[in-house]
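> Starting off with a structure, shown below.
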C-alpha cells in the first residue's frame, strides 16, 4: 500500500491591525469613488442617524411615532376600514408638509379626492400636484417618475386596492387574475425603495382591509396588494373609528384610534386617540389641551383651566376657544410638549425587522 502523504496544517495568515485599517479605508474610498459619497458609512455616523420627519397634524400621534411625525425617505402604509379617517390623516400630513415649504403630490387612483374638503383641512390645492391614472401600472410609473425627479417631497397613493392592473381592466368581467396586483406591487416597490431613500421622499400608501375566508382562529383581516408593502413599509398605521363626537344629539365628529403596528425608526405598538371633526379635520386644540393638562403645562381646578396662573376658561370648550384666540401661546405649549415627549428627535433606527408583521415568506406573494 502506498503511504499516505502527511497533511500539513497551513497556518492562517494574521493581518496586522494597522494594515487592516488601511485596507478598509482604501476599500471604503474606492466604493465612495465608484458609487458616490454616502454609499457606505458607519451606522453611528450622524448622517445615518438623522431622520427628518413630517408632522401628521396630531401632536399625540407625532409623539407616539417617536421622531415627531412620519419619516422622510421611507414608505408608509396607512390602512383601516371604510370611513375611518385614512384620507383625512394623509391630507393632514400634506397640509403640514406644505406649511414647511414642501412639494406634495396626490395620486388619486380611486378618483374620489374632494378639493373642497382638502382646502378645509388646510391643504393648498393650488400647489398640490394631482394625478388620476387609468390603471395600476400608470399610477406606479407616475409615482416612480415623481420620486426620481427629486423635486417632490411627499407622495400619497390613494389607494392600493384601486391600483387595478391593465390586464384586468382590459379583460372581461369574471376573468381570473390571481396574484396580478401582488406581483405589480412587488415589482414596483423593488424599483421605488432605493430611489425614495436617495431623494428623501416620503411615499404614503393608503390601503383597505379585506377578510380572509375560512379563518377560524386569529385575525381574519388582511390588507390588499399582497405582502410586499408589509415588508417595504417602514411605518404601518392601523386607523379605526372608535366612537362619535356629539354636540347634544348632533354627531359632529368621530373618535379615532391609531395603532402603530410597525415602526422601523422608533419603538412600535403604541396607540393614540384623537378626534376628527367633520369639515375641520383633526381637532388639534382639543388634543393640545388634553396633553397640556396631563403633562402639567395647563392646570385644572374644578371646571376652570389656567395657564401660568392665568385663568383661560371655564369648561373645556371655553379653554379650547381661548387657545384658538391665542395661537402664539398654543404654539409655545405645543413646542414644550414636543420637547418633553420627543426627547430624542434623531432616534436610532431599528434594523429591518418586520416588528408586528406575521407575514408569509416573501416568495409566497411572488408565486401568486
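Cβ coordinates come from backbone N, Cα and C, glycine included.
Features from Swiss-Prot:
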{"type": "BINDING", "residues": "80, 81, 82, 83, 84, 85, 86, 87", "note": "ATP binding site"}
{"type": "REGION", "residues": "344-368", "note": "region 'Disordered'"}
{"type": "COMPBIAS", "residues": "344-353", "note": "compositional bias 'Polar residues'"}
{"type": "COMPBIAS", "residues": "354-368", "note": "compositional bias 'Acidic residues'"}
> Under a three-state reading of DSSP, tell me whether residue 86 (ATP binding site) is helix, strand or coil.
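SS state of residue 86 (ATP binding site) = helix.
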> May I ask you to report the DSSP-based helix, strand or coil state of residue 80 (ATP binding site)?
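Assignment for residue 80 (ATP binding site) reads coil.
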> Using all protein chains in view, find how many other C-beta atoms are within 10 Å of the C-beta of residue 87 (ATP binding site).
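So the Cβ neighbour count for residue 87 (ATP binding site) comes to 23.
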> My understanding is the cutoff is Cβ-Cβ under 8 Å with a sequence separation of 6 or more in the same chain; which residues meet that for residue 83 (ATP binding site)?
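Set apart from residue 83 (ATP binding site) by at least 6 residues yet with Cβ under 8 Å, we have 241.
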> In the same chain, which residues outside the set 80, 81, 82, 83, 84, 85, 86, 87 have their CB within 8 A of the centroid of the CB atoms that define the ATP site?
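What remains near the Cβ centre is 239, 240, 241.
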> When you measure from the Cβ of residue 81 (ATP binding site), which residues in the chain that are at least 6 apart have a Cβ under 8 Å away?
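Spatial neighbours, sequence-distant, of residue 81 (ATP binding site): 209, 240, 241.
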> Sequence gap of 6 or more, Cβ distance under 8 Å: name the residues on the same chain that satisfy this around residue 86 (ATP binding site), in order along the sequence.
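The answer is 78, 79, 80, 159, 206, 239.
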